[in-house]
């Protein structure tokens, strides 16, 4: 039965990729075999059309639960990437001059279409990325919330005025779009992260070049089709595909004014440096090592549930996964119960009923996670729960790692210093809250952290002293809702303006200030003033 389900799921994905992205060649049909020459190809989206790439370089898309090839995505050619930017540049003046109310209406229609197609988008995510269907729906929903927030643009883009700054003179400023903006998205949130980017940028009047992860392009392609159906003019949103060459193209192209990136530290540092060197605004959300500090007065049952869910959900492939627990004082005694609770999680393919977590994205990701677990044992830590040898019936070729808990971890160990990005929770122990705060602050990352306590003074002390951009109090994954901004800090972020919220609007716009004087009478002096104007002195 499992094999039948796998085949059906793969067939469904092939059919949807074809339906969404092969508009230019309606005679092409998916073949019944899985050979690399017959699986559906993901198209480019340029000037409002889904176009077959002329590239001779193609990347296989795999179902992480089976490692079967379910699609192929091109590495866009230089000419194709140039055409995409040219389309953005050509359509920018008209889109920027479009009434903000009209742009708002496009986004209002878009959020409704996302709601209507949420389950279909989630299924694409599940097949390409490996998430459970429930988690994939959450991926889409959190992106949808940003789209809904973007619909408030008429309030978010209000300017400032100061009348009568001096006699007959007024001062006012307003926000204008930048031009062509670009986004580079990761594999772990195929819907949410693109929806952090292009809706916010485009409602401000920018046009947008999107490069989804080559591992999970399906959701972005469907989101682009829905955006077009919402009334967005052709050419305002364009999509290219690729790897290193596409990234360099985005960083270097003179017509691209701003870059949004989410992904690894290595890639983020590179993009920030190269893009900034070419005069672009860059915002880069990067790696993390998120700590959950457990105080002995915490609500025990709630805390254990929160730790397990935040550590192992999405197989740990979240930049806000709670990958590190610090047990303070008597909370150390809860460790056996934490292990027992994690053992109950069900590992399976994402579409299987009752699955709590699915596979990792690639065999290479699985190997890396297993090697980091190995490093813990070699460096003196203890493995209390080992998920390396897990086998999922019917999905023996999948990239599965079960929940893993490593105790007796020290800050100098590799499994602590590295971002694992898998279903692994490393556990440290301290005697005091101050020791826990020092551990968190000595770590270079600053994405998120959480404290579990019933003491308000303890929570306040931790929130104020910890050097992390996003703090949860009895909230394990403190990702802000989009009326606020995603405020990772230190080594987890590069740039000076964060994603979505008010800062998202600031990133995608520039200020223009007008100083205006309308005199009722003609000048009483016959000679010009050559000293610095003081305006109101």
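Counting starts with 1 at the first residue shown.
Cβ coordinates are placed from backbone N, Cα and C, and glycine is handled just like the others.
The NAD(+) site recorded in Swiss-Prot comprises 185, 187, 211, 214, 215, 419 together with one of 264, 276, 485, 489, namely 264. Taking only the Cα positions, the spacing between residue 211 (NAD(+) binding site) and residue 57 (N6-acetyllysine) is 16 angstrom. As a whole number, the greatest separation of Cα atoms within the NAD(+)-binding residue list 185, 187, 211, 214, 215, 264, 419 is 24 Å. Under the DSSP three-state reduction, residue 211 (NAD(+) binding site) is assigned to strand. Between the alpha carbons (Cα) of residue 333 (N6-acetyllysine) and residue 214 (NAD(+) binding site) lies a span of roughly 44 Å. In the structure as shown, the Cβ atom of residue 119 (N6-acetyllysine) sits within 10 Å of 11 other Cβ atoms. Each of the recorded positions 57, 211, 215 was scored by the other Cβ atoms within 10 Å of its Cβ; the lowest score goes to 57. With a cut-off of 8 Å between CB atoms and residues at least 6 apart in sequence, the same chain places 125, 139, 314, 315, 350, 358 near residue 131 (N6-succinyllysine), listed in sequence order. Spacing of residue 187 (NAD(+) binding site) relative to residue 54 (N6-acetyllysine) is 24 Å (Cα to Cα, whole number).
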